[in-house]
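Reading through the C-alpha cells given below for one structure.
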Amino acid sequence: MANLTWNTRAPQSAQQDSPPARRVRGRRPGSGGSRARQERWWGLALISPFLLIFAAFTAYPLVYALELSFSDWHGAGVLRWVGWSNYSYLLTNGDFWASLGNTGVMWLLIVPVQTLGAVAVASLLTRSRLRFKKTLRTVVILPYVTPLAAMAQAFVLLFDDHFGAVDRVLTALGGPNIGWLTTTTWAKPAIALFVIWKTSGFALIIMLAAVQGITPEVYEAASLDGAGPVRTFFSVTVPLVRPAVGFFVVISTLGISQMFLEPFMITQGGPYNSSTTSGMYLYNHIRASDLGTGAANSFLLVVLVLLLSLAAVRVLRSRED
Amino acid sequence: MSSNSSEHRSAADQPVAGPSRRSLLRVLGAAGVGAAAVGALSACAPGSSAAPKALGSVAPSQAKGSTTLWFKDDDILKVFRGVVPSFTKKYPAVTVNLVGVDIDKKLAPALISGAGVPDGAYLGDGSVLGQAEHLTDLTSQMAKYRADTVQYKLDVNTDGQRLVGIPWDTDPGLLYYREDILSAAKVDPTQLTSYDALLDAAREIKGRNPKAQPIPLEQDPDLAMQWLMMLVNQQQGTGMVDSAGKLTIDTDAFRTALTWIKKVADEGLGARSKFASTAQIAQADGGTVSLVPWAIWYNFLVQGTFKKSVGHWRAAQLPAWTTGGARSGVMGGSSFVIPAKAANPDLAWLFYEHAVYSAEGYQAVFGSNSVYPNGLNTALPSVKSALNPQNSLFKPLAGLGNENLWEVGTQASLAIPPGYRIPTWFNQADAYLGANLQKLMDGKMSVDAVIKQSVSAIQTNLVDRA
C-alpha cells in the first residue's frame with residue numbers, strides 16, 4: 001500500500017519553484033534583509049496570541065505537572081521535593097496495576113468487537129440493498145450524539161438487578177438474574193457494552209467513509225471470482241479499510257486509556273474497585289488532593305499510551321508493507 | 001482473490017490516509033500534554049498567602065459593612081435566608097449576601113489562591129480539617145459556647161489545638177422501623193434495645209416472610225463506611241482514627257460491628273441496595289426492608305419518596321451494643337468555616353453566631369419556615385440548649401404516624417459519644433475499608449480479613465502519605 005501520510009509539506013523542488021512570499025509594498029530593491037526581519041517580527045506578532053495561550057495553558061501546566069510529579073503537595077502548604085518517590089509508589093502499588101489491568105480488559109472487550117462490528121455495519125449500510133438505509137444510519141449514530149449522562153442513567157435503570165428491564169426479560173425467559181453492575185464478573189462487560197452502545201456511531205462514521213471509498217469494481221471482481229458475502233467481507237472489505245481501522249484503534253486506545261466518565265457514572269469503579277480504570281484511579285488521587293501522585297500517574301499513563309499506540313501503528317504498518 | 005490484490009490496494013489507498021509516525025507522535029504529544037495537565041489542576045504557586053485579617057478586631061456594636069457567605073445551592077441556602085431579617089434587625093449596618101455555590105469544587109481553589117475568598121462558608125464536617133490551615137482559628141470566639149455545644153461537633157472541627165469550624169447540625173443515628181410489620185411478627189419495638197434483639201427481630205420477620213430482608217446493607221462503599229462509623233462511634237467514640245491520628249480500626253468495636261453485619265448478611269437478613277435508589281425505595285416501601293438503623297435523615301425517604309408505607313414508619317433510639325451502652329452514633333453533619341483570608345471575618349462570625357447560637361436563629365432554621373412549613377427535620381442543632389426534648393422546633397411527621405421525632409432525635413443528638421475524628425483522607429478510605437466492607441456484606445471476606453487488609457492499605461496509602 002502506498003505510504004500515504006498526513007504530511008502535506010510540498011516537495012523541496014516545488015518549494016523552490018513556488019512564487020516568493022508576499023512583497024512588501026513600497027520597499028526599494030536591495031532592502032531584503034530589513035524586509036525579512038520585519039516580516040519575521042510581523043509573523044511573531046501575529047502568532048503571539050497563540051504562543052501566549054499555549055504557554056499559559058499548555059506549556060506551563062505541563063512543566064508544572066512534571067515538577068509536581070516529583071513533589072509531595074496536597075493543594076496547600078509547602079511543596080516538598082520527593083524525587084522518584086511518587087513513581088516508585090505507583091509502580092509498586094497493586095491498585096495502580098489493577099487499574100491498568102481493568103483498562104486493558106476494557107480495551108479487549110471494546111475495541112475488537114466495536115471495530116469489526118463497525119466495518120460490518122458500514123459494509124451492510126453501504127453495499128446491501130437494505131431499505132431505509134439513511135434511517136438506519138441515523139439510528140446507529142444517534143447514541144453518539146446523545147448526552148452521556150442521560151444514556152448512563154438509562155443504562156443503569158435497564159441493567160439494575162432488582163428492577164431492570166434486562167433482568168426482567170432474562171428471568172421471564174428462564175434465565176438467571178444477573179448483577180450486571182454489582183458483581184465483579186459482569187461490571188466490566190456491562191461498562192464495555194455501554195461504551196460500545198455509546199460510541200459505535202463514531203466508529204461507524206469512520207468506517208462508512210472508508211467502505212464508501214472502495215470502488216464497486218473491486219466487489220464485482222470478487223464476485224466474478226466466486227467470493228460469497230462473508231469471504232468478500234473478510235478478504236476484500238476488511239483489508240481495504242485497514243488504514244481506517246488503524247486510525248480507529250489508535251483513537252480508541254487513547255480514549256480507553258483515559259476512560260473515566262463511563263465507570264464513574266455506572267459503577268463508580270465498583271464493586272470492590274473491579275471497574276476502576278486508570279482514568280478513575282488518577283482521578284482518585286486528584287480527589288484526595290494528592291496532586292504529586294496524580295501528576296506522576298498522568299505521566300506514566302502518557303508513556304504507556306504512547307508506547308501502546310506506537311506498537312499498534314507499527315503492527316498495522318508492518319502488515320501494510 | 002490474490003490476482004486482484006493490486007486493484008484492491010490502489011482502490012483503497014485513495015480515500016483513506018493512515019497516520020505517519022511523526023504525525024502520530026504529534027497527536028499523542030498534544031494528548032499527553034492534555035492528560036498531564038490534569039495533574040496540575042491548580043496553576044497557582046503553593047504556599048502563597050496574604051496577611052490574614054484578625055478576627056475580633058471589630059466590636060459587635062461597631063459592626064458595619066457587607067459580608068459574603070457561601071452555601072450549597074440548595075434548600076439549606078433558602079432556609080438560612082430566613083435568618084437574615086432577624087440578623088439585620090440586630091445589626092442594621094451589616095448587609096448579608098448569602099450565595100449559592102458549588103462549595104466542594106470552588107472553596108478549596110479560592111482558599112489556596114486567595115482569589116474570590118468568601119467571608120464564610122458552609123462545609124461538610126468531613127471536609128473541614130482538610131482545609132484547616134486556610135481557616136480562621138475560632139477558639140477564642142467559641143470559648144463561651146463550648147459548654148453549650150455537642151462535644152463530638154467540637155471534636156470534628158478541632159485541628160490540633162485550633163477550633164476551625166462553627167458546628168451547625170448533628171446527624172444522629174436512629175432506628176427506623178415499620179410498626180405494621182413488627183406488629184404482625186409480634187415484635188415489641190420497645191424491646192429493640194440491643195443489636196442482638198434487632199437481629200432476633202429480623203429473624204422473626206423473615207420467619208413469617210421468607211422474602212423479607214429487613215435490614216438494609218448499603219451498597220455504596222462510601223455511605224456504607226459512614227454507616228459502619230456510626231456503629232463504631234457508638235462503642236468507642238472514635239471512628240477510624242483517634243485524636244492523635246492513629247488508626248483505631250483493629251479494635252473490639254470494629255470487630256463487634258463487622259461480626260454483626262456479617263451475621264445479617266450470612267443469614268439473608270440484609271437487603272443490598274444503594275441509599276435512595278429505586279431499588280431501595282421499592283424494598284422499603286414494599287415491606288422487604290423494615291428495620292433501618294440509619295441517620296436521622298432517612299426520614300427524607302419516608303417523607304419524600306415512600307407511598308404505600310407512609311404512616312407505618314416509626315423512629316426510636318438506636319439499639320445499644322452493650323447493656324447501658326450509648327444508643328446513638330454519628331452519621332453526617334456540617335459546620336461553618338471562616339477563611340483565614342476573609343475580608344470581613346468579624347461580620348461572618350456575627351452572622352453564624354446569630355444563626356447557630358441565638359434562639360431566633362435556630363428557630364428560623366429548624367422551625368416552621370417558608371421552605372419547610374413543618375420545620376427542617378432531617379437534621380438537628382448542635383446547640384445543647386436548643387436540643388430540649390420538650391421544646392420542639394419542628395412538627396411531628398405524618399410519615400412517622402405523627403410521632404414526635406423531635407423528642408427521639410434530640411435525645412439521640414445529646415447522646416452521641418464524644419471523641420469522633422474525621423481524617424482528611426476519610427473519603428479515600430472507601431477504596432479500602434469501603435470496598436472490603438462490601439466484600440464482607442457479599443460474603444466474600446471475613447471480619448479479620450477486612451480489618452487486617454484495611455489497616456494495612458489505609459496505613460500505607462493514606463496515613464503514611466497524608
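Cβ atoms here come from the backbone N, Cα and C positions, even for glycine.
Curation plays no part in TrEMBL annotations; they are all automatic predictions.
Here TrEMBL flags A:1-17 as compositional bias 'Polar residues'.
Marked as domain 'ABC transmembrane type-1' by TrEMBL: A:100-312.
The region 'Disordered' annotation in TrEMBL covers A:1-35.
Feature annotation from TrEMBL assigns transmembrane segment to A:41-63 (among others).
Per TrEMBL, the feature transmembrane segment maps to A:105-126 (among others).
Note on the transmembrane segment (A:138-159): residues 121, 125, 165-167, 180-181, 190, 194, 197-202, 204-205, 261-262, 265-266 of its chain, located 6 or more positions outside it, place their CB under 8 angstroms from a CB of the stretch. TrEMBL lists A:138-159 (among others) with the feature transmembrane segment.
According to TrEMBL, the transmembrane segment annotation covers A:190-211 (among others).
Sequence-distant contacts of the transmembrane segment (A:232-256) (same chain, at least 6 residues past either end, Cβ-Cβ under 8 Å): 1, 4, 103, 106-107, 110-111, 114-116, 118-120, 122-123, 195, 199, 203, 206-207, 209-211, 214, 218-219, 222-223, 277, 305, 308-309, 312-313, 316-317, 319-320. Per TrEMBL, the feature transmembrane segment maps to A:232-256 (among others).
What TrEMBL records for A:295-316 (among others) is transmembrane segment. For the transmembrane segment (A:295-316), the residues of the chain that approach it from at least six positions outside its boundaries are 65-66, 68-70, 86-87, 89-91, 96, 100, 242-243, 245-246, 249-250, 253-254, 257-258, 278, 281-282, 285, judged by C-beta separation under 8 angstroms.
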Per the Cβ filter (under 8 Å) with a sequence gap of at least 6 from its ends, the transmembrane segment (A:190-211) is approached by 106, 109-110, 113-115, 117-119, 121-123, 125-127, 137, 140-146, 148, 151-152, 155, 159, 180-181, 237, 240-241, 243-245, 247-248, 252, 255-256, 259, 262-263, 266-267, 275
